[in-house]
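S.K.: Per Swiss-Prot, the features are:
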BINDING   GLY150, GLY151, ALA152, GLY153, VAL154, GLY155, LYS156, THR157  ATP binding site
Amino acid sequence: MATGNVIQVIGAVVDVEFPQDAVPKVYNALEVENGAAKLVLEVEQQLGGGVVRCIAMGSSDGLRRGLKVTDLERAIEVPVGKATLGRIMNVLGEPVDMKGDIGEEERWSIHRPAPSYEELASSQDLLETGIKVIDLMCPFAKGGKVGLFGGAGVGKTVNMMELIRNIAIEHSGYSVFAGVGERTREGNDFYHEMTDSNVIDKVSLVYGQMNEPPGNRLRVALTGLTMAEKFRDEGRDVLLFIDNIYRYTLAGTEVSALLGRMPSAVGYQPTLAEEMGVLQERITSTKTGSITSVQAVYVPADDLTDPSPATTFAHLDATVVLSRQIASLGIYPAVDPLDSTSRQLDPLVVGQEHYDVARGVQSILQRYQELKDIIAILGMDELSEDDKLVVSRARKIQRFLSQPFFVAEVFTGSPGKYVALKDTIRGFKGIMDGEYDHLPEQAFYMVGSIDEAVEKGKKL
């Protein structure tokens with residue numbers, strides 16, 4: 001193995017000089033010996049003259065010029081397979097949960113080609129989530145990609161935790177969770193939530209949190225994806241959760257600036273679309289198995305046209321948009337039913353009844369949105385009888401779109417509810433047809449199925 005020496009350290013970027021005839025390849029892993037501590041670097045650029053520029057996969061504190069560096073002659077490799085289930089690992093696949101070695105039988109490189117055209121397969125099967133607003137308005141496809149878009153504090157992580165809990169309990173497959181640049185507290189909460197729900201032995205956890213160097217946050221999504229690919233290639237249906245894809249982009253921006261590339265729009269890296277494509281093209285289903293991915297996407301300043309969320313949109317099958325206006329009404333999950341979309345919402349896929357109910361709900365809510373200005377200026381009394389009925393039903397639908405979550409029981413004090421798709425369709429169809437016009441609005445707030453709303457209405 002070739003050895004070189006550190007010649008420059010600038011934060012997370014380290015320049016290493018090797019002999020001219022043994023320059024490491026781009027993406028090779030290098031190991032720096034700094035006393036007892038070992039730091040892994042990843043080669044990003046070859047500068048000529050035997051010098052390579054690398055990104056540190058850990059803190060570069062204590063590094064100095066002249067330290068010996070060994071070329072491992074391979075990319076970063078991480079453990080894959082069943083040994084990773086129930087464990088928490090970092091970007092290098094090292095355990096961070098104090099439970100000893102992973103004991104894996106196989107390690108895979110985190111840089112892998114996307115499946116070829118012949119290997120790809122698409123599915124029309126729906127994945128029931130038990131969350132009314134998602135199942136009705138933006139149904140998920142098995143083996144599809146879903147984005148949860150939202151600004152700060154509107155509930156992306158809570159929605160994702162509820163999805164993981166529901167799917168892990170109702171659908172007995174394996175899941176991989178990649179925490180990319182999120183809060184360590186959330187990672188901790190998530191681990192305990194999974195343990196309490198008895199689904200931890202079906203989930204592999206990979207964390208690269210907010211306080212870690214940009215190299216970790218840029219590569220940790222690939223580490224999680226590699227573990228998911230292994231399960232898929234064994235012929236399984238895997239779930240891959242990434243929280244948060246925006247931090248992946250942001251880490252790329254930091255690395256790009258440190259490597260001296262010229263920034264593009266809004267200061268993002270010039271390779272934004274390519275970096276996103278490299279990750280997203282690997283998250284796909286093949287003829288062997290499927291990867292269904294749910295990705296949380298932070299929307300900077302609630303602006304969906306920002307280059308980062310805009311680049312992510314192109315890769316998704318379904319988008320769940322969380323809205324601050326809906327959250328401010330106290331309706332959780334704060335999903336915007338008029339802004340969320342899904343390719344699966346097609347009568348040929350979901351069936352005519354589901355399609356008609358979803359579109360009917362949207363048209364009632366859209367009409368209510370248009371009438372809001374008139375109500376604000378002139379009041380309800382100025383509306384026609386038909387419009388009054390539309391407003392009354394729209395307000396019931398809006399409240400019925402709320403739902404108590406299992407993972408939020410500690411905050412809401414009410415037990416979580418899982419609602420089957422057929423019950424969801426029956427409930428909204430009934431409200432639209434006027435079967436529940438006699439019930440007060442409050443009866444529909446924070447309940448599961450329509451039967452619970454009727455029961456609640458009797459008590460009010």
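The backbone N, Cα and C atoms fix where each Cβ goes, and this holds for glycine too.
Keep in mind the model is a prediction, meaning the values are calculated, not measured.
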S.K.: 10 Å Cβ neighbour count around THR157 (ATP binding site)?
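M.R.: The answer is 20.
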S.K.: Across all chains shown, how many C-beta atoms besides its own are within 10 angstroms of the C-beta of GLY153 (ATP binding site)?
M.R.: 10
S.K.: Say we define neighbours as other CB atoms within 10 Å of the CB. Which of the binding-site residues ALA152, VAL154 has the fewest?
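M.R.: Candidates: the binding-site residues ALA152, VAL154. Fewest Cβ atoms within 10 Å: ALA152.
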S.K.: Could you tell me which of these binding-site residues, GLY150, GLY151, GLY155, has the greatest number of Cβ atoms within 10 Å of its own Cβ?
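M.R.: Of the binding-site residues GLY150, GLY151, GLY155, the most buried by Cβ count within 10 Å is GLY150.
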S.K.: Is it possible to get the count of other C-beta atoms within 10 angstroms of the C-beta of LYS156 (ATP binding site)?
M.R.: 27
S.K.: Per DSSP, VAL154 (ATP binding site) is which: helix, strand or coil?
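M.R.: In three-state terms, VAL154 (ATP binding site) counts as coil.
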S.K.: For the recorded ATP site, enumerate neighbouring residues of the same chain (Cβ within 8 Å of the Cβ centroid of GLY150, GLY151, ALA152, GLY153, VAL154, GLY155, LYS156, THR157, site residues themselves excluded), in sequence order.
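M.R.: Those within range, site residues removed, are TYR298, LEU322.
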